[in-house]
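Reviewing the structure listed below.
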Amino acid sequence: MSTFKAPKGTYDLLPPDSATYLAVRDAIAAPLRNSGYGYVETPGFENVELFARGVGESTDIVTKEMYAFETKGGDRLALRPEGTASVLRAALEGSLHKAGNLPVKLWYSGSYYRYERPQKGRYRHFSQVGAEAIGAEDPALDAELIILADQAYRSLGLKEFRILLNSLGDKECRPVYRAALQDFLRGLDLDEDTRRRIDINPLRVLDDKRAEVQKQLVGAPMLRDYLCDACKEYHEQVRAILTAAGVAYEDDPKLVRGLDYYTRTTFEFVHDGLGSQSAVGGGGRYDGLSEMIGGPALPSVGWALGVDRTVLALEAEGITLDLPAATSVFAVPLGEEARRVLFAKVTELRRAGIAADFSYGGKGLKGAMKNANRSGARYTVVAGERDLAEGVVQLKDMESGEQEALAVDEVVTVLKGRLAE
Ligand code: HAM
């Protein structure tokens with residue numbers, strides 16, 4: 001071990017486990033790529049104001065968890081704590097919304113940073129795959145995103161997740177509800193911190209996990225009862241489309257998200273095997289965000305799924321993904337001449353698209369075969385001086401253990417055929 005360790009709240013992805021992370025990212029992205037979402041990549045840091053305005057000055061993410069810093073040039077930047085504000089910023093900056101075909105549908109995959117108290121499932125550096133559909137108000141679009149996330153989780157074999165669904169209303173009905181909730185909360189016996197929250201973000205108080213708070217919240221006004229007709233109708237349509245698609249969800253009138261930009265549809269994917277950090281993904285509609293960051297009115301909806309927690313969910317359900325071995329053919333040369341011949345064969349195999357690896361470091365047969373085994377290769381090609389003198393190599397099928405001599409010239413053709421079977 002070196003003197004250094006990964007910073008607190010972070011961890012490294014190393015083989016062989018890292019292969020699962022890649023596969024999870026692919027599995028989440030696949031339904032998106034298949035549904036008209038184009039790939040977007042934005043910088044790992046942004047102007048800090050983007051998140052302050054977008055995610056919200058009253059959120060924990062902005063007030064407590066942001067890695068904000070000033071550069072030597074005097075710019076105020078922050079490592080991105082989430083993807084939505086950045087992706088919308090990029091879409092506006094690139095004028096994607098002006099190309100005339102709304103919604104602009106984008107997907108992304110990357111690292112995010114939040115200075116949180118680390119625990120299992122909660123890290124300071126984590127990974128999300130996300131999707132944003134920008135510039136359309138259509139309940140079918142909200143439903144599409146939920147259906148695609150459901151499809152992604154199911155394609156990984158996950159079963160023990162639930163979809164929680166709520167509507168947070170819009171700029172017409174939410175302020176009325178907010179005032180009613182504030183009135184109610186002010187009558188309760190709450191600590192000073194929570195009282196302050198009543199002023200800045202009263203909906204978050206509903207999310208308080210403490211029993212003594214939850215007890216007092218019985219009888220609190222519910223947003224559901226304050227939704228305006230347009231929001232109610234919109235929400236009913238989202239629900240109906242999900243039901244028609246056979247996607248089961250639970251209405252959760254108390255679902256509040258940790259970011260301020262949401263309007264109307266909000267949802268969370270929770271996994272029952274994960275303990276306190278049970279949200280594997282979340283999202284919703286954010287019709288006002290574009291204007292909040294200086295853009296035109298662009299009603300939008302999206303989600304982000306946590307890759308780290310999705311991997312934990314797989315573990316919790318005892319699922320091991322059926323990943324193809326990274327290497328199909330492993331070459332074991334015995335002697336200098338064999339090194340030259342087999343290295344050329346490996347290069348040729350790779351150029352033919354076959355995953356091949358080579359025993360480096362001049363190992364003896366025993367050590368090299370150990371490497372071959374560990375590589376997961378289906379075939380090993382062994383050659384020594386005597387083989388080469390006869391113009392052959394020994395081809396070993398690592399599954400059956402059978403071995404046969406093969407003409408050097410035929411190695412690539414034969415392996416191509418066998419591996420295609
Ligand atoms: P979020 O709910 O803050 O939403 O994060 C989405 C997911 O990222 C969470 O459900 C969780 O799986 C994962 N996640 C968040 N924080 C951590 C952490 N500290 N450690 C490990 N995993 C974490 C958003 O970020 C929104 N941008 C989603 C969205 C997109 N809404 C609309 N469009």
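Including glycine, each Cβ sits where the backbone N, Cα and C put it.
Here TrEMBL flags E82, G83, T84, R114, Q128, E132, R257, Y261, Y262 as L-histidine binding site. In sequence order, L168, T266, E268, G282, G284 are the residues of the chain that are 6 or more apart from R257 (L-histidine binding site) and have a CB within less than 8 Å of its CB.
Residues or ranges marked as domain 'Aminoacyl-transfer RNA synthetases class-II family profile' in TrEMBL: 32-324.
In this structure the residues listed as binding L-histidine are E82, G83, T84, R114, Q128, E132, R257, Y261, Y262; their two most distant Cα atoms lie 21 Å apart.
Sequence-distant neighbours of Q128 (L-histidine binding site) (same chain, six or more apart, CB under 8 Å from its CB) are E82, G83, Y108, S109, G110, Y112, A304, L305, G306, V307, listed in sequence order.
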